[in-house]
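S.K.: This is the structure I have questions about; it appears just below.
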Amino acid sequence: MARPDDEVGPAVAPGHPLGKGYLPVPKGAPDGEARLVPQNGPEALNGGPVLDPLVAGAQDGPQALIAAEEETQARLLPAGDGEDVPCPACPPRTALSPRRFVVLLIFSLYSLVNAFQWIQYSSISNVFEDFYEVSPLHINWLSMVYMVAYVPLIFPATWLLDTRGLRLTALLGSGLNCLGAWVKCGSVQRHLFWVTMLGQILCSVAQVFILGLPSPVASVWFGPKEVSTACATAVLGNQLGTAVGFLLPPVLVPALGTQNNTGLLAHTQNNTDLLAHNINTMFYGTAFISTFLFFLTVIAFKEKPPLPPSQAQAILRDSPPEEYSYKSSIWNLCRNIPFVLLLVSYGIMTGAFYSISTLLNQIILTYYVGEEVNAGRIGLTLVVAGMVGSILCGLWLDYTKTYKQTTLIVYVLSFIGMLIFTFTLNLGYIVALFFTGGILGFFMTGYLPLGFEFAVEITYPESEGMSSGLLNTAAQILGIFFTLAQGKITTDYNSPEAGNIFLCAWMFVGIILTALIKSDLRRHNINTGLTNIDVKAVPVDSRVDPKPKAMVSIQSESSL
């Protein structure tokens, strides 16, 4: 639309220097004094530049226009189809890539298979004890090796993620998961327990490159209004694998004793061959699926979208690589008190979940002998309910951004759910455990993505992979401790309730720590334009001023 005459000033004759995009510069004026001044008024909306007063004064009246031909001329960049003028005040361009859903799906699927391989032994622990002729502790170590491997390997894995990127990390996770599945296929003989352990070790190394990726995948590929839901969906893939790990193994590899009408298990060669055949079917099926997903990762999993999906990601992309310090990032996180509190509370909750998942079959069979299939179904119920909880919590966070309140409420409800599950174990009605297990799973498993997203918020602009990796490290360490301690308490006292109460005491400590966390929604403030912070890693107590460059207001959650 053409602007009114009263906005453009005197008419300029065709061929006049002003009409060709030149500005008059008064004699004696220093170089660079003819310039454009940013404008927020009608001229700016209509594309008209506003001149510095020095230049504007040269245009007053026809006399100035005629004299302007004798002055030095300054060439302006065209305002039309020419080269864009850089605008430091303008926000970076962002866009959402349709490929983000493909990347999220691929990651969720190979994470699913990895979680399935973690729990497939524990869900039918009595079957593998008979087949390999080993103790329950040996079978428990097939689960705990995931936790042991994670602790020393998380730091090199996080360094690899931060320096080599998302794609290489994804390829290593998917590839090692595939390799471990094939190694297990060669372990289906009674004397080859060490081979199945080797395959499980490879899968546990793959897990190091998987567990810390939900937050980076969500942040790099998804916009601010969907990042929490995307993170919850990525975590959901791992949870779904655990659910399938509880459901399928009891069906694919049933305990032979349950097929004998006399109730006696005859260790004949035929029974051993049948058991080996069933285990073979499960292992080869897992290997073929893992191989397919690995090739899919190679083909379709890309490093990042062409354009950043959010202002927070755009700022991180513009940060020079040499400004990022891996050691400074770790040091900053370790000195960030709110993050340390979250680190311990997340480790308690997730470690308790790992312990319950590992020992669930033994807990159920203590009171309900021969109910391996139903024990697996209870585990399935626990995890599926948690998947629903994860998605709902992710949607809630995207809508409200109430990270601390939501995390604390879910923590308290998980504690209550654990108490209910504990004191309904010996009622004599296994149906009741489906209900109480579902309550426990809804809140306990639903907490996992909350911890990831809360950590990213209070540690931005530190690497999402670093914060997620440290959270998972705490979870693995406490998971090992809880599994060994709960297993010993349960065995020594022949009482699953005693082991569960042990976990309840620790979860109560986690509630207190969560309540003490000071919430500072740093990433959310960037995405909403409330603040523009320096992305350099600066120690939290450094003498260097770490305050935002520009600040309108900072959003924090109220303390409870």
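Including glycine, each Cβ sits where the backbone N, Cα and C put it.
Values in this document were obtained by computation on a predicted structure and should not be read as measured data.
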S.K.: I'd like to know whether Phe131 shares a side of the membrane with Phe222 - going by the topological domains in Swiss-Prot.
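M.R.: The record shows them split across the membrane, with topological domain names that differ.
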S.K.: Report the same-chain neighbours of Gln207 (ethanolamine binding site): residues 6+ apart in sequence with Cβ closer than 8 Å to its Cβ, ordered by sequence.
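M.R.: Asn114, Trp118, Tyr146, Ala149, Tyr150, Gly173 - these are the non-local Cβ neighbours of Gln207 (ethanolamine binding site), listed in sequence order.
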S.K.: Same chain only, sequence gap of 6 or more: which residues have a CB within under 8 Å of the CB of Gln476 (ethanolamine binding site)?
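M.R.: In sequence order, the residues whose Cβ lies under 8 Å from that of Gln476 (ethanolamine binding site) (at least 6 apart) are Tyr146, Met147, Val148, Tyr150, Val151, Gly351, Tyr354.
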S.K.: State the non-local partners of the topological domain 'Extracellular' (118-135) in its own chain: residues 6+ outside its ends, Cβ under 8 Å from one of its Cβ atoms.
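M.R.: Distal contacts: 142-143, 146, 190, 193, 196, 200, 203-204, 207, 241-242, 245-246, 248-250, 253-256, 265, 272, 275-276, 279, 282, 286, 357-362, 365, 372, 375-376, 379.
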S.K.: Can you tell me the three-state DSSP label for Gln476 (ethanolamine binding site)?
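M.R.: SS state of Gln476 (ethanolamine binding site) = helix.
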